[in-house]
Amino acid sequence: MKYYIQLLCIVAVIQNPKALRKGSTDYEDMSFWLKSGQETLRRILVEQENENRAKNVIIFIGDGMGLSTITSGRIFIGQLNGQSGEEYQLTFEKFPNTALAKTYNVDKQVPDSAGTATAIFSGVKTKYRLIGLDAKAEYSKCDKKINTLSKVSTVADWAQQSGMDTGFVTTTRVTHATPAGLYAHVNHRDWECDSSIPKDQRFCIKDIARQLVEDEPGKNFKVILGGGAQQMGLNKDKDDSCERSDGKNLVNEWQANHPKGRVVTNAQDLMSIDINNTSHILGVFSPGHMPYHAVKTPETPSLANMTTQAIRLLKKNKNGFLLMVESGKIDLAHHGNWAKLALRELYELDEAIKVALRLLNMEETLIIVTADHSHSFTLNGYPERGNDILGFGNKPNKIPYETLSYANGPGFYYHRRNDSNNVNETWRKVEDDPTRNEPFYRHFAAKYLKDETHGGEDVGVYALGPYSHLFRGTFEQNYIAHAVAYAACFKNWPSHCNTAYYRYFYDVNTAPQSSKTNSAKQTTVSFTVIITFLFMALFIQL
């Protein structure tokens, strides 16, 4: 039993020999489904709850990876493997514990990544576009006194205080909203470099990049891998996102603070690092966000490459580590209605998860896979089983209707006439469009917006390892941080390892059972006194 669940996860991507082949109509019969149901039941019945301390914690974030993205990605990858696709399982879909997280910000039904990252990593929900500050803080307006009162700590702080190493990996800028949720405290998620902060507020707050290099917990990260060279003041090609005006080169500052650390800017240097003689790694691989995997060059490391090196360095600490891995460009692809790119980025996330399963012992490693939010992305149209997931969901003699589409976004005018009289007519013969196979093909959107929006429905949470059974049911997104702290036994946090749990909830240093016993004794004494009093009263009456 010891490695049973781990083995299941490692073989998750092995093709089912009975899986329906792509294009086949030899559908599974009654005996297949009866046997399949019984096998699933047996697997669930033998699963055991792991109550070891989570020495290592990895939080995988699929930015924008709603349930429709997971379902579509499952089919997409299955079809790449020659299957019909629907029956395929992603690696994390084999995890034994699943839940749903409610993603709203305190002031928005549909959230953004700043508020959701703050919730996931700090255990505190907050406002739209705020990072690391609770709802007392104002959006886009810094007040030092209020910010001090509003500042929240994160799982990165707690892990470092507990003697663990920490780090993160992302395919976005290292200063972008999700990774910044681990370490930054700002009134506007876009304050990634000094020039993005209004001049009259620069005295009040540091930009996100400076907080990463100069302040805790960011300056203590052992691993920082992603894009954003321009925000860090590194001399690379200019990016239109944020250019430093203060002349700071934060990469040089980081190197001065970590003389045994390595700065790398390409895949070859990253993968050739001598881990045993390296204390820290800072990898900045692009001026802004890293390129999509489908169009990247060999110079750019994959998410799996970065995850591999991050784990190899962090696992040297005998006290364990906390690592965040973000596939951030699922979200950016959806904003552009680029469904194929989004699904390809999900594929990369799944490959990175396989790396963690291969390199670590699941008896002492808690892995959580979730999303910060979803998108207005739909899978619809009654397509046939095994139909190309990137194809059409209706009969060929009808006007083409794509299986994957969006409620809004720039894809509207890519498909519909740009005039008011014929707004519902298609001007592009998409079934014959040679660009449909290209990565940047835009899928149909029902309403034009410059950028497609997020979705507000709950997102999935998938967990494996010690105390992964805490991730069941439907809960607020901020609960994730609390469950992580409990499983990893973070210092001064409620956990199963010591009496902190009881001090936190009961203001005593002993288990609740003892308190209940004392309470029962007190109840017995009180009951005896009452009965005695009644008998005395009765005796007096007589």
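Note that Cβ sites are derived from N, Cα and C of the backbone, with glycine treated the same way.
Automated prediction, rather than curation, is the source of TrEMBL annotations.
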For the Zn(2+) site that TrEMBL gives as Asp331, His335, Asp372, His373, His454, the extra residue out of Asp26, Asp29, Asp63 is Asp63
Checking the binding-site residues His176, Glu326, Asp372 against Ser113 (active site, phosphoserine intermediate) with a 10 Å Cα-Cα cut-off, in sequence order, leaves His176, Asp372
Given the Zn(2+) site Asp63, Asp331, His335, Asp372, His373, His454, its other Cβ neighbours within 8 Å of the Cβ centroid, in chain order, are Gly64, Asp112, Ser113, Ile330, His334, Ala371, Ser374, His375
Between the recorded positions Ser113, Thr178, the one whose Cβ has the fewest other Cβ atoms within 10 Å is Thr178
Here the 10 Å Cβ neighbour count for His373 (Zn(2+) binding site) comes out at 27
Listed in sequence order, the residues of the same chain lying six or more positions from His176 (Mg(2+) binding site) whose CB sits under 8 Å from its CB are Ser113, Thr170, Glu192, Gly226, Gly228, His289, Gly328
Rounded to a whole number of Å, the separation of the Cα atoms of Asp63 (Zn(2+) binding site) and Glu326 (Mg(2+) binding site) comes to 7
